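Have a look at the structure below before the remarks.
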Amino acid sequence: MTSLKIGSLNCRGLSEEVKRRDFFSRYRKRYDIIILTDTHCTKEKEKQWAHEWGYKAFFSSGSSRSRGVAILIKNSFTFTIHQEKKDQEGNFIILDMTIQDYRLSLVAIYGPNGDSPAFFENIKGLVSGIKNSSIIMAGDWNVVQDFDKDTSHYSAKNNIRAHDKILDMIESLDLVDIWRALNPDTKRFTWRGPGLKQSRLDYFLISSDLEPFVKNHGYKLRSDHHSPVYLTLQFYNQIKGKGTWKFNNSLLHDMVYVTEIKNCIRETINQYSLPGNDLETELSVLKCMIRGKTISYASYIKKKNTKTENDLELKLAKLLENYEIDPSELLNSEIKILENELVQHREKIVTGIMARAKARWVAEGDLLDENSNFFTLKEFCEKYNLNINFLEYHSLLHMIPKDWKNLITTSEKITHI
């Protein structure tokens, strides 16, 4: 039995490419299933976003400036989708699915900002119609469960009729607010707004039959309006192997790495370029050495970046905890400064994420635009007067960056294939 972690977050728009790729990269590592609200995805962009995610994705799209929900699923566990229901306004997705041997309904919800009981009545009817006893519902509900425990600095209750309809749905579908069940008296907020207002708008409702499977549940504190909420369940799982290794093109802008690879090329050629050695063997050895050096260096950089990010997140989490206890403009200012530092750090590493994603597009047969930084294998061979049949036979990289000309110069024997 292994853990299945589900995350839910109002992402406040992912139409900007750098933010989206950074988001996918970070949350792909944290969760097996991600429920997103306020995605700002359009129908025309769904295929592109799914490809960037790299696994199975479901969308109910709004406009490029508002609404939109998505359910993103990794291939880290076995599942089957039986049917999908969604609205055309970007407010909900309902998946009738089997995870391992468990049939359940998974529901992503982005509640209306106004008092809209009809929206939740419709959700209840659609979920009831699927007739699964096991249900997981999550998202940004825009309605709190308990005004006294789930709000701070609110002057009056809002969305009262919608709140009553959610309570009716909880009773009809035998649902549980799992956070409140595990933390009956704790105040914890997922949304922060102007005037020091805070509330718990993001949460999971699960059917009572799933309670024994709950391993963990909580919130990840962050300052940009909404905090992620997660739920960890126990399901039997098949272990998946690693995928194909792909070269991180952004390393070619790292001069320390470039120097190391140039030295590696020279040393390998000096060691293996001997009378009697065939060229095919020399090329295979060189590829192996470059790959090994690259993996080792990339691993070092990844650990260094991860430590920096973790340190910043821990500092930010501490400030947010203090803010929840005693909110002030001074703390809010410190939070913003630290969060900007975290964003800047992530922007430094997102270039590599985009390069790898771009390489995958090409490797899978999609065309790049004319401003791409990549050559096709054929173009690379023509540029350097290489034997394309030889390289194809020996499975040289299917996509080679232009920058490789800085690593393999015409003065080095390896180019004379």
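Along the chain as shown, residues are numbered 1 onward.
A Cβ is built for glycine as well, from the same backbone N, Cα and C atoms used for every other residue.
The active site annotation in TrEMBL covers Tyr110. The active site, proton donor/acceptor feature in TrEMBL is assigned to Asp140. Summarising the annotation, TrEMBL assigns active site, proton acceptor to His226. Residues or ranges marked as Mg(2+) binding site by TrEMBL: Asn10, Asp140, Asn142, Asp224, His226. Summarising the annotation, TrEMBL assigns site 'Transition state stabilizer' to Asn142. The site 'Important for catalytic activity' annotation in TrEMBL covers Asp202. For His226, the entry in TrEMBL reads site 'Interaction with DNA substrate'.
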Cα distance (Å, whole number) from Tyr110 (active site) to Asn10 (Mg(2+) binding site): 8
Message: Cα-Cα, whole number of Å: the residue listed as 'active site, proton donor/acceptor' versus Asp202 (site 'Important for catalytic activity')?
response: 4
Statement: Of Tyr110, Asn142, Asp202, the recorded positions lying within 10 angstroms (C-alpha) of His226 (active site, proton acceptor) are Asp202
- line: Integer Å value for the Cα distance linking Tyr110 (active site) with Asp202 (site 'Important for catalytic activity') is 9
- prompt: In Å, rounded, how far does the Cα of Asp202 (site 'Important for catalytic activity') sit from the Cα of Asn142 (Mg(2+) binding site)?
  reply: 8
- prompt: Cβ-Cβ under 8 Å from Asn142 (Mg(2+) binding site), same chain, 6 or more residues apart: which ones?
  reply: Tyr110, Gly111, Pro112, Asn113, Asn159, Ala162, Leu201
- prompt: How many other Cβ atoms sit within 10 Å of the Cβ of Asp202 (site 'Important for catalytic activity')?
  reply: 25
- prompt: How many neighbouring Cβ atoms, not counting its own, are there within 10 Å of the Cβ of Asn10 (Mg(2+) binding site)?
  reply: 25
